[in-house]
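Each remark here refers to the structure printed beneath this line.
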């Protein structure tokens, strides 16, 4: 526990230092390259490059700050033995180092260290609980991510033909573009590689909060931000189509999903499609802003959901979370804040990027089919978000039998995360100096955002009514007349207390008394046996003496 607390505090201080350095580089408008020539073979130079600019340092600040809050959060959430806690901490630190290598690497030779490290350590974290479902989910995760690693290796093979590991305009061809897109699509879970992200929810919730919401899944987006100028315009249309379909289908599935953790996972998948579609237009600054803001409120959302699951005995069914606002008001307030940020509620975290991106969609030139997909996907985002708010704030019969005291460490880490997301999102938005005068939209497009929000609210209310109907009829049958729920919430603690009493009091006392009784009995038997042996020895000795005297006299 002390080790994790010290690690979290040190990383928080390091993240603050990285933020100051990024602001300093942004003020100077400078970039730094560090090159280390490892080996030279003919004309090929194996150089290890590091690119340090304000984007890379800002992303390092983001990853370090989220990591520090989640490590402090995990002290209470991951209630494990010391050995398992050390394994969890070391895996998370290895993941953080791999993420640093990915962020700072500008060429394909040095990026492979972070890229392969992310895939391998992500697999180790998904199978952390050592269950069969975790093993199958981890295998799907690593196999789909290995497809992107194959693309990276093929790019490195093609680049040996040109004599350089650095991508450039005059050394690009069609195959390299396809392989770069394959890398980005597999790591950021775009269609048809999007199945691994919901399956990766078998990992512990702190892992999902760090890995599968803010860092690993955004690695493909960050890669394309670096190399977006090398992509052809025709490929950008295909990227827009695939990303819009990802956003549409992820939002559609999230409206029918009853697993609370998977709802947040599909929400992450929808936002990844949203960022990828914006990247196809070419607005890298807006994408980086939304990547930064989305990482904060989505990790916060996972932390809130994980704390609910921690108190509900790992029950992830959304139908069991009715009325949680009245039981855990502080935690519910933080979760509603993150949900409203996801919807782009005015002057919250997501408003600064999402509203501007939607206006850029209407201002840009794209395929009508992609535009329709993005509009419907945005409506679905509001729909499942409003459904979650209705579930939390509604009253339900079983809410009165569920109560567990809120954990202070979890609440403090979530509250700090919410405050930091509010401050830093507005700070980054002001520092990027967007030229908003170039966006001149008609009033009908300005009002389109509010229309989408209203349609999403209506759809969310209808989905909520559908779940409520199924909750009254279907769940009553499924839970065996609520007996499973009553057992988990009421009987389980009593049975565990009885079991503890039997093991540690009754059985231990009996064992102690029986052991003492046996020891006394054995001592008595040993004493009797020793006395018997002495008598036997004396008898034999007397007999021998008598025999000796007899022989002498004879």
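All residue numbers here begin at 1 and follow the chain in the order shown.
The backbone N, Cα and C atoms fix where each Cβ goes, glycine too.
Database features (Swiss-Prot):
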- 57-77: transmembrane segment (TRANSMEM)
- 93-113: transmembrane segment (TRANSMEM)
- 150-170: transmembrane segment (TRANSMEM)
- 209-228: transmembrane segment (TRANSMEM)
- 238-258: transmembrane segment (TRANSMEM)
- 263-283: transmembrane segment (TRANSMEM)
- 332-352: transmembrane segment (TRANSMEM)
- 379-399: transmembrane segment (TRANSMEM)
- 409-429: transmembrane segment (TRANSMEM)
- 441-461: transmembrane segment (TRANSMEM)
- 480-500: transmembrane segment (TRANSMEM)
- 532-552: transmembrane segment (TRANSMEM)
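The listed stretches are 57-77, 150-170, 209-228, 263-283, 332-352; of these, 332-352 has the most Cβ pairs under 8 Å to the transmembrane segment (379-399). Within the same chain, residues 7, 11, 33, 46-52, 56, 59-60, 63-64, 67, 121-122, 125, 152-153, 155-156, 159, 165-167, 210-211, 215-216, 219, 222-223, 226 sit at least 6 positions outside the transmembrane segment (93-113) and bring their C-beta atoms closer than 8 Å to a C-beta of that stretch. Remote same-chain partners of the transmembrane segment (238-258), defined as residues 6 or more beyond its termini with a Cβ less than 8 Å from a stretch Cβ, comprise 181, 185, 189-191, 194, 231, 266-267, 269-277, 279-281, 317-319, 366-367, 369-371, 373-374, 376-381, 383-384, 387, 459-460, 463, 467.
Ranked by Cβ pairs under 8 Å to the transmembrane segment (441-461), the stretches 209-228, 332-352, 409-429 are led by 332-352. Residues 55, 59, 62-63, 66-67, 70, 73, 92, 95, 99, 102-103, 106, 111, 115, 118, 122, 125, 148, 167, 180, 183-190, 197, 200-201, 203, 264-265, 268, 272, 275-276, 279, 282, 284, 287-288, 291, 294-296, 298-299, 301-303, 306 of the same chain sit 6 or more residues outside the transmembrane segment (209-228) yet have a Cβ under 8 Å from a Cβ within it. Long-range contacts of the transmembrane segment (409-429) within its own chain (CB-CB distance under 8 A, at least 6 residues past either end) are made by residues 19, 58, 65-66, 69-70, 72-73, 75-77, 289, 292-293, 296-297, 299-300, 303-304, 307, 310, 330-331, 334, 337-338, 341, 348-349, 352-353.
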